[in-house]
């Protein structure tokens, strides 16, 4: 059953009419609360503790019911610090799950897990709210057509295309361009698809969240002059927050995205950075609730928790949520239960390479390591599939020949291999692209390249029609016509120098 957004106030607005309990026990972020007989709150209900601590400071802590213990007690997990709470303090049952603001009012703003703005830009319109716990769309509501989500980024669209309503894993270390790629995707979905984006910062560094916000303002993704014209809503639950907040912040972001899909009927991009921290927070909460740990100390409900989040990310007949999830792999062990459970849900992987970033090729997407279940002839068509396979074969052959080139030099290769290397180097450079959001740093205007143009460009390189052009003509251009124009400019400049 789908729960439709309400148009009343937030879930904690009718506190006066709710039943009251008292804190019986506090263990870190976990509270045991006693209620009168017959007035037990439901699982996932929001509880609010209000009062003053020993030094007179105001306390306002929201918790979520996780277990019914018997003896009229429930166990709840706090969404903020429990400092100053004491046994015997009054607890109010709101009678509903956590509800957060949704709709256009969220764009350009930063929220915490409770849907409260934390950017000092004043209150948010909370007339339309939605509960964070909802069931996934029913089968009959799903859109089962397999269609590609065009991003306008050549390397992604050609070699590891995204599925509309799919889930993509983004792998990459620090400083290889994850943030810039994320911002370009946010920019392109707004311009090409009329869509919006929601960014969920789950358990990552506060500094990174702040840097992302500043860069979004600088690049125009967040419009400071007219905040309603912004293209993204931000929801942060960072590393310093209690595990309850980190476990639920992904659901808060997803709830905002669902409104844009179901009510506004838009295509939505949902970014989750980092999906591993969602699992990690669930593991902490599971231990605090006294559950028996499973493999490698993870929660026994790992697959269920991951599934309940991921199954809500999908295409319906109204719109789509396409999710891009940064995946941290602990100790680079892909068999660890957290990344292994995540992989089961992914439709595509985009792997960023430090080697390509060091060469100055941006976006630094590895053409050989990045994969997609969409790259099949029956989905993308024979022409696209054949072109992508030939690009990969040429790149793979170049990779195999690099050791020989390093030892013996290019002249020792056969004529055929020299030709392969020349074309592979052109392909490598043509996979780079100027980004709209990087204009302020690079000075070169951004380019959106349609899929048909991308395929045509790579076909011309592979066919040998452009063998006479210098490889630097292919670097940081949009479509292939720009590369040929750039080559002609080089020719004119060299003649003038002579």
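Including glycine, each Cβ sits where the backbone N, Cα and C put it.
What Swiss-Prot records for this protein:
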- 172, 173, 174, 175, 176, 177, 178, 179: ATP binding site (BINDING)
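Taken residue by residue with DSSP, residue 172 (ATP binding site) is part of neither helix nor strand, so it is coil. Counting only same-chain residues six or more apart in sequence, the Cβ atoms lying under 8 angstroms from the Cβ of residue 176 (ATP binding site) belong to 352, 353, 354, 357, 364.
Residues within less than 8 Å, Cβ to Cβ, of residue 179 (ATP binding site) and separated from it by at least 6 positions along the same chain comprise 208, 211, 212, 215.
For residue 177 (ATP binding site), the count of additional Cβ atoms within 10 Å of its Cβ stands at 21 [all protein chains shown]. Same-chain residues with CB within 8 A of the center of the 172, 173, 174, 175, 176, 177, 178, 179 CB atoms, the ATP site residues themselves not counted, are 352, 357, 364. Here the binding-site residues are 172, 173, 174, 175, 178; the one with the fewest Cβ atoms within 10 Å of its Cβ is 174.
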